[in-house]
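Record features, source Swiss-Prot:
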type: ACT_SITE; residues: 50; note: active site, nucleophile
type: BINDING; residues: 49, 50, 51, 52, 109, 114, 115, 116, 120; note: substrate binding site
type: BINDING; residues: 189, 190, 191, 192, 193, 194; note: NADP(+) binding site
type: SITE; residues: 99; note: site 'Important for activity'
């Protein structure tokens, strides 16, 4: 059994590729079923966010394993293998464990130390438990990563400053508009990222917020908290002209805001500028919008320059966190190796007990037939000894014949011989 982590993220692939490799919530179960149908896959977890798509797998080793999994991923998303191969990373066993721990701790995020990723990893794990996990080692790896993430956040200052994609989006808005108190902001979506954006905006005295979402109930709860108006996604076209700032983050597989929609809004606004911040993957705003005069479109990748200014104080904490991850990953792999030994021990004990029961049954039968008790017991002891030492004796003899002193010493040590 081998543990694997493979995928792409914001460091290896542009948003144009990442949006083609995402797994939407609506198709996740189907994807997991398809993944587990692969003969080499024992269990799997799919993590798909705006910045990464990753598969965490427990697999049986086989020839061309990497090729088979890349082919599955490309076939599922109708991708050319060459388009994906150069952006794909592949981690195995200890490296896979370390990678997951780093991801869960925010050490591999676009925003170093951001806390939202832990919730996303936990959700991915929970989704996989609906009949798709099927591997105790994989489950233990995820549970361990959660405790490591908690330890990193508790024992280091990795989360000391309020830095996130949501924070960066608000920072961008404050850089472009002198005061946010007089602008109208349209938020598209009502997920965790938009919740954070809404709270940041409220802290910066935004008076007018509109939340557009597919389900009104979720949006209404957030609107009640931040004092916003709620509209449906179908109302965006009519209300876009009211917004000075649009920040969008949904799980829609297709763009929600098109070039024509923005053109109409700009005309109604008499070309008063609009800021559009698209932090969704796949993108919510058609890229062509960025070519329009007075429409200033930023994607999640464009936020990197803003985010980089807020990282300095987290670098020292990241070094401490990496040490914790290295230690915890090493301990996990030691536990995993011990599980392999435990199975061997169980098999050896079962084999020995089977020999014991077989010979004891024969001895009891002989006693019941009136045989000499002392002779029967001596015969039992002799046969039991010979049967139990038969396999170790053959291994010792073979090691001696091969001149394999290292193996001979290991066998002597295993048998308790000085």
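Positions of Cβ are set from backbone N, Cα and C atoms, glycine also.
Sequence features annotated in Swiss-Prot and their locations in the structure.
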{"residue": "50", "record": "active site, nucleophile", "DSSP class": "coil"}
{"residue": "99", "record": "site 'Important for activity'", "DSSP class": "helix"}
{"residue": "109", "record": "substrate binding site", "DSSP class": "coil"}
{"residue": "115", "record": "substrate binding site", "DSSP class": "coil"}
{"residue": "120", "record": "substrate binding site", "DSSP class": "helix"}
{"residue": "189", "record": "NADP(+) binding site", "DSSP class": "coil"}
{"residue": "194", "record": "NADP(+) binding site", "DSSP class": "helix"}
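Site extent for substrate: among the recorded binding residues 49, 50, 51, 52, 109, 114, 115, 116, 120, the largest C-alpha separation is 15 Å. Other C-beta atoms found within 10 angstroms of the C-beta of residue 50 (active site, nucleophile) number 24, with every protein chain shown included. It is 24 Å from the Cα atom of residue 99 (site 'Important for activity') to that of residue 192 (NADP(+) binding site). The number of other Cβ atoms within 10 Å of the Cβ belonging to residue 194 (NADP(+) binding site), over all protein chains shown, comes to 26. Using a 10 Å radius centred on the Cβ of residue 49 (substrate binding site) and all shown protein chains, the other Cβ atoms total 22. Around residue 51 (substrate binding site), the C-beta neighbours below 8 angstroms that are at least 6 residues distant in the chain are 9, 10, 18, 109, 110, 281, 300. A Cβ within 8 Å of the Cβ centre of 189, 190, 191, 192, 193, 194, the residues given for NADP(+), is found for these other residues of the same chain: 187, 195, 196, 197, 249, 250. Between the binding-site residues 115, 189, 191, 189 has the most other Cβ atoms inside 10 Å of its own Cβ, all protein chains included.
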